[in-house]
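These notes concern the structure reproduced below.
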Amino acid sequence: MSCIFCKIVKGDIPCVKLAETALSLAFLDIAPTSKGHALVIPKEHAAKMHELSDESCADILPLVKKVTKAIGPENYNVLQNNGRIAHQFVDHVHFHIIPKPNEEYGLGVGWPSYPISPEEIKALGEEISSKIK
């Protein structure tokens, strides 16, 4: 097993644990972008969010909420990346809780606008909603 997060779940690699459920684990990031930067991971290994079981999905977000409240930031980002070009560097689903105390620390995000017409948005919405089961 080469997944660093699976090794943390097993206890093979230490972490500064913040909280744990039967299905999820929260701990401090060892290379934080701000004070209190934490990770919440499912104990189940899944590389991308859409591969995660419904049980793990249902378990993890309440833990993200509890950890965020405990960290106590007024401003923060909750980030979950899937795939290399989306900036995922560990192939195990994980949520970053990143406090944003000021302009210097925390996550800086650019948000480029995608050119799409209202008609294209409507057609895309219909296409996507038809695939949701």
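The backbone N, Cα and C atoms fix where each Cβ goes, and this holds for glycine too.
The model shown is predicted, which means the values in this text are computed figures rather than measured ones.
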Same-site AMP binder from Asn81, Asn102, given that Swiss-Prot records Asp29, Ile30, His87, Gln88, Phe89, His94, Phe95, His96: Asn81
Range annotated as motif 'Histidine triad motif' - as stated in Swiss-Prot, picked from 12-16, 17-21, 92-96, 107-111: 92-96
Counts of helix, strand and coil residues, the domain 'HIT' (4-107), according to DSSP: 31 helix, 23 strand, 50 coil
